[in-house]
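> Let me give you the structure first, and then I'll get to my questions.
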Amino acid sequence: MMFTVVGGLHGSLKMRTVERLFTPVIFFLLLVVIGKAEIYIVTVEGEPVTSYRGGVSGFEATAVESPEKIDVASDLVTSYSRHLELNHDTLLETLFDQGTYKKLYSYKHLINGFAVHISPEQADTLRRAHGVKSVDKDWKVRKLTTHTPQFLGLPTGVWPTTGGFDRAGEDIVIGFVDSGIFPHHPSFANHKTEPYGPFPKYRGKCEVDSDTKRSFCNGKIVGAQHFAEAAIAAGAFNPSVDFASPMDGDGHGSHTAAIAAGNNGIPVRLHGYEFGKASGMAPRARIAVYKALYRLFGGFVADVVAAIEQAVHDGVDILNLSVGPNSPPATIRSTFLNPFDATLLSAVKAGVFVSQAAGNGGPYAKSLVSYSPWIVSVAAAVDDRRYKNHLTLGNGKILPGLGLSPATSLNHKYTLVAAVDVVLDSSVSPTDCQRPEVLNKNMVKGNILLCGFSFNFVAGTASVKRVAETARSLGAIGFVLAVENVSPGTKFDPVPTGIPGILITDVTKSTELIDYYKASTSRDWTGRVKNFKATGTIGEGLEPILYKSAPIVALFSARGPNIKDYSFRDADLLKPDILAPGALIWASWSPNGTDEVNYLGENFAMISGTSMAAPHISGIAALVKQKHPHWSPAAIKSALMTTSNTLDRAEKPILAEQYSGSETLMFVPATPFDYGSGHVNPRAALDPGLIFDAGYEDYLGFLCTTPGINHHELLNYTHRPCNYTLGHPYNLNSPSITVSHLVRTQTVTRTVTNVNEEETYTITARMAPAIAIETSPSAMTLRPGASHRFTVTLTVRSVTGTYSFGEVLLKGSRGHKVRMPVIAMGFDR
């Protein structure tokens, strides 16, 4: 199985088919050391720090028994950690000769094991060794704002409750396992007027830039480390482009960090135009960087697990992940049990809230790459801001298109000149306008250059940025890029350009443009142009249009239902959990970044992906954590989910982008498989009224009752036997109910805890006709801090072969509304 970084469906004008997004890109062969040496993640007997309850002579218990953070600096933890690492080294030294293997990492805090570079034969030896629990071959990973704070109501509805934007997220550390950071960006500056002081509760390290000899940290950035041992061992690491430091060689890591915790009021400037002022969701939160993803190959799970281990050890409060598997694990039957998800389970046990991008495989069912209940899986929405532009032809026709650019001069029509008609060398095909030297500058100057959208834009060898540079260098007034052929699933995003420019994405409109150009252009008998008489003007595309039909679930956002195993069988757990803005998001970029051709050398980029949605949730979770510092990760997750919206700004049900039968874009009513509980509502999440809390024992109960999970494998990762009384996985105390195989009648239990003043709640429910739903009791009164259990009974009325959707609503006498989605599919046996 391969793992993939799920966010960065980068918002370029490249055509991105779903198949291309989720095809593993393997650029390097593994190094051959002994036979074919590969990287393996090994777990061994003995509990890690977060689970160790004593029993080893000379070492006292270190286990975390509550959501409170573990003191990793204590002598108890330090000595037990050394003990575990010594055991790892001793095991390897006993089995193998020195020089025939290389240990890359020891994992001690969240799982007990190590990553090692060995041959398959040596891996077999390890599997047979006494005390070894599991040996898994490493798998790859890949990468999966100016307006969204206002769209989410943060400046007026949330930040004032935290002391203003200059205190929003104070004393909260968000860790980013991503492609690093560009530390010199103003989004990450330590302001002179309100400087960030020392932060003793965080224990992370700060690497030093080998070129400048300056630390990557500055007070705003409190930790910066990189993890590449597995990438180096696999022969995939190239220091000239990947940077052996936390420096962001991609842009993705800087973008996600800025969305969650970038400074407030940073002007977004490109090509001499300001697109607004950027801010993170929690602009005062601190940033801790754990670089484990790289430009060409993404990353390796061994490095990612090491980064997560380090982040929890260092004391982060929130962990932002744009990482997920390319497909369910082939070697491990359950999607919930692997070194990656097991590490995150221990992280949540240690009190860390984890936000993970849901994946970019939409709009197809079961395309999620984030599965487990202890993780918040985030879907991506299109917000209310859209960029549009138009080309007006000399014959009066107006052709819509995309062009984040200034307009041509008012009341002046410019001649259209096709690149193919001004080529200097007839043997060259210059239609995509990437090489100015092959075009006749004298014929282009002062005109609008007409170019063709070729496959090179799909492959990434051509870019809109380069078209604009070509037009500018030739003295053109502007450019038009016409799409004549389009593949199903093609997605176009606007790209900012410094000169007037537009992309005509509708093939029929491109045909109208070309027909007009041909009819207006006279040629001699050889086909050479005698007179260019086609004219046009390019409109203003810099100002966004705000729509009420927002949010909308983005086309690329991965969909449920959630799956529990490699056979793609449905899980009794709703995923994604929540929806957040993820399309056309402006945020900081690394000028070193080379992954997005349209933003090479820029300080800002507007890109799309569930990678952009996840840090919105991370930043908002930081605000909730700031107000409620002792809440568990599950409590924060519950507050976000139960207060979310299922209606858009026009008070109509949220829609989802989907394909019609001809694979053209259409809008359909969204379901919980598209948006989870709904679109995040930060203001309401700060005061949810009730929460559905859960902890480590509850998650173990979920795992123990999920059919098909090997209890021996479960013991390997959790070090606990299955003696829980949850009954069914759908009884996990989550803020949603999913019964994937409902036969006759099932009763589901939930427990709510009051986190406000005394309040009486009435409980109502509704469900699609195929399933009957009842709740008990009909009302309950809870004092502050009190908990109360209620039941939801589901009964099959008719077998339809499809899921039915509904909800349970708890309405409080003090105005709180707690909503929980309910999903079930009925069967006759």
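Just so you know, the numbers here start at 1 and follow the chain as drawn.
Placement of Cβ uses the backbone N, Cα and C atoms for every residue, glycine included.
Dumping what TrEMBL says about this protein:
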ACT_SITE  Asp178  active site, charge relay system
ACT_SITE  His252  active site, charge relay system
ACT_SITE  Ser611  active site, charge relay system
DOMAIN    80-142  domain 'Inhibitor I9'
DOMAIN    169-647  domain 'Peptidase S8/S53'
DOMAIN    731-823  domain 'Subtilisin-like protease fibronectin type-III'
> Helix, strand, coil: count each for the residues of the domain 'Subtilisin-like protease fibronectin type-III' (731-823), based on DSSP.
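Residue counts for the domain 'Subtilisin-like protease fibronectin type-III' (731-823) by secondary structure: 1 helix, 62 strand, 30 coil.
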> Tell me the Cβ neighbour count for His252 (active site, charge relay system), meaning other Cβ atoms within 10 Å of its Cβ, over all protein chains shown.
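His252 (active site, charge relay system) is surrounded by 32 other Cβ atoms within 10 Å.
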> Where DSSP helix means H, G or I and strand means E or B, what are the helix, strand and coil counts for the domain 'Inhibitor I9' (80-142)?
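Secondary-structure composition of the domain 'Inhibitor I9' (80-142): 25 helix, 20 strand, 18 coil.
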> If you draw a 10 Å sphere around the Cβ of Ser611 (active site, charge relay system), how many other Cβ atoms fall inside it, taking every protein chain shown into account?
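Around the Cβ of Ser611 (active site, charge relay system), 33 other Cβ atoms lie within 10 Å.
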> What is the pLDDT of the domain 'Inhibitor I9' (80-142) when averaged and given as a whole number?
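Across the domain 'Inhibitor I9' (80-142), the average pLDDT comes out at 93.
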